[in-house]
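Engineer: Summarising the annotation, TrEMBL assigns Mn(2+) binding site to A:E149, A:H206, A:E221.
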Amino acid sequence: MMAGRVVEIAEDGRHLAKSRGFLTVSADGAEIGRVPLDDIAAVVASAHAITYSNTLLVALAERGAPLVVCGANHRPAAVLWAADGHHDQAGRMSEQAAAPLPLKKRLWAQVVSAKIESQGATLESVGAPHEGFALLARKVRSGDPDNVEAQAARRYWPLLFGEDFRRERAGGGVNAMLNYAYTVLRAGTARAIMAAGLHPSLGLAHRQRGNAFALADDLMEPFRPVADLLVHDVVSGGATEVDRETKPELARILITDMSSGDGVSPVAACLERLALSAARCFAGTARKLDLPRRTLPLEG
Amino acid sequence: MTARRPALSGYRMMWLYVMFDLPVGTAAERKAAARFRKFLLDRGFEMAQFSVYLRFAESKEAAETHIARIRDALPRKGKVHIVAITDKQYGNARIFAGRKRERSAGNPDQLALF
């Protein structure tokens, strides 16, 4: 299974096109780089003045690689989605749309529980107190009516980034780094959802009504703490903002190894398995989401 | 798991060299040779030299997939060598242009930033 590479266009004046099996990037009429189309997990467009050839957009859609168009602070404004991502897309989307509320609530509880466990693992990795998180994860009931997710978050952020830290989407510094890592994670999740034949707008948690990427935002939750750990490491290394040095480190989120039923796989592969298991749950052929567990850091 | 440690091991990452010597005596042979060359380009192989194409593969499994695809697209005549080496071995390759040493391509970053 391919983990795939993330292509980001961060400078103005770039033109993206397709040449044989490659995405080519040009500036002032001269090619400055190329990436094999089959290796691309997602293209993130964060600069303002970018042009594209239609042939390239078709080639990306054919491979299920989303084009993420970003607004300010690396927050995604739009995703170009393949019209036909899976051979049984229509069938799977109708099962997804017809999924009864109790089922969605049960699945949401599994996601929240896995996220809280993952937060505990991230805190453990950085040597912070983490003991309460396993207990909190077990407290999550169907639909998370007690909002254990928020209780965990209130404890988690100060333990990870210090008492003064506030998670703000529009913030700079650490907040912008988190946005960046989440954008890459969201693109990988979007690709997995598309490949599983599901619709991104029909989420599990009702709180996200109106969000066009509700399901992507739901399924990426247990992986956010892995991204948080990458940000923590980059910040510990002295970085203070999203720049040319930190971006490649944060983009590693999709190739970070996690353990699952099939052994150790990168996050990108875990997302594919999770999305497929969600499709099976909607179809009524499975009851549990295929959620990864956190492994200890690999010695490299 | 952390940013300081490589998530992909240098022993798992592979490079594939495809080297070929195809007959170009007749129009049909030239056409078959051109088709094979275009096939390699479509699959993301880049020309290292005339008749020598190179591609990065993120794992042994990915390399096997590429090799299987090439086998399905082989021209009827001519000779094709496929050599798979680890990223570590590729790092030891010495490349010269004229008498000047050139740096090898290096393995691609997870993020291609332009």
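Residue 1 is the first one shown; counting continues down the chain.
Cβ coordinates come from backbone N, Cα and C, glycine included.
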Engineer: Tally every other Cβ atom lying within 10 Å of the Cβ atom of A:E221 (Mn(2+) binding site).
Structural biologist: 20
Engineer: Which residues of the same chain, at least 6 positions away in sequence, have a Cβ lying under 8 Å from the Cβ of A:E149 (Mn(2+) binding site)?
Structural biologist: A:V112, A:K115, A:I116, A:V140
Engineer: Reduced to three states, what secondary structure does DSSP give A:E149 (Mn(2+) binding site)?
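Structural biologist: Helix, per DSSP.
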